[in-house]
Amino acid sequence: MKINFLTLFPRYFEPLINESIIKKAVDKKILEFNVVDFRDFTKSKHRKVDDEIYGGGHGLLLQVEPIDLALDSLENRGGYKILVTPQGKIFDQKMANKLAKYDQITLISGRYEGFDERVTYLVDEEISIGDYVLTGGELPAMVIADSICRLVPGVIKKESVENDSFQNEGLLDYPQYTRPREYKNMKVPEVLFNGNHKEISEWKLKAQLEKTKKNRPDILERIKNEK
């Protein structure tokens, strides 16, 4: 899979690309990244990529032309194109599973007051990572990319993906423990030591349901409505 990032701050993406599991996948040529500074495509002699808002409003908007020209520079115009914006659909695991099937994805990160609305005509989808505001789209773009990359075959073990939170009916993960067996009167549940795989599986599912009910009751409500 190839992922393009269109941004005004290319160095933001270095930790994602150059560390840990994703770097190993890059070295194995399972993943490929291309970071593009769309400021390089402005026709302004001052390298300006934003301007005042028609009709009034605070701040400056990112112009459509530099982004359009940056997309023109990409192979097959960047594959499936995503605008990272607070106005987009909320990103979730189902979306990650869908996006992981593409050969090439482009994530466009904004700044300032956002994008000229005509940028939305250039993309396939608008995505948000939540109902809150950040200083720019780079961090959300990396969140989306990280979530997608780990689903690409060969990046991590298949078993790890299958056991993730949100993969099993969308439920949160069950509690997990390691040594020591007891710490400051906090004990690991005895069922995990009895060797009865059926009982352990039942405990895990019950624990998933309890944790999901406690922390994300909206997920249970959604699952109920889908059935």
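Think of each number as a place in line: the chain as shown, counted from 1.
Using the three backbone atoms N, Cα and C, a Cβ is placed for every residue, glycine included.
What you are looking at is a predicted structure, and each value in this text was computed from that prediction instead of being measured.
The S-adenosyl-L-methionine binding site feature in Swiss-Prot is assigned to Gly110, Ile129, Gly130, Asp131, Tyr132, Val133, Leu134.
What Swiss-Prot annotates, mapped onto the structure for a quick look.
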residue: Gly110; record: S-adenosyl-L-methionine binding site; CB count, 10 Å: 24
residue: Ile129; record: S-adenosyl-L-methionine binding site; CB count, 10 Å: 20
residue: Gly130; record: S-adenosyl-L-methionine binding site; CB count, 10 Å: 11
residue: Asp131; record: S-adenosyl-L-methionine binding site; CB count, 10 Å: 7
residue: Tyr132; record: S-adenosyl-L-methionine binding site; CB count, 10 Å: 7
residue: Val133; record: S-adenosyl-L-methionine binding site; CB count, 10 Å: 6
residue: Leu134; record: S-adenosyl-L-methionine binding site; CB count, 10 Å: 12
Given the S-adenosyl-L-methionine binding site residues Gly110, Ile129, Gly130, Asp131, Tyr132, Val133, Leu134 in the record, what is the largest Cα to Cα distance, rounded to whole Å? 16
Ile129 (S-adenosyl-L-methionine binding site): secondary structure state under DSSP, collapsed to three categories: coil
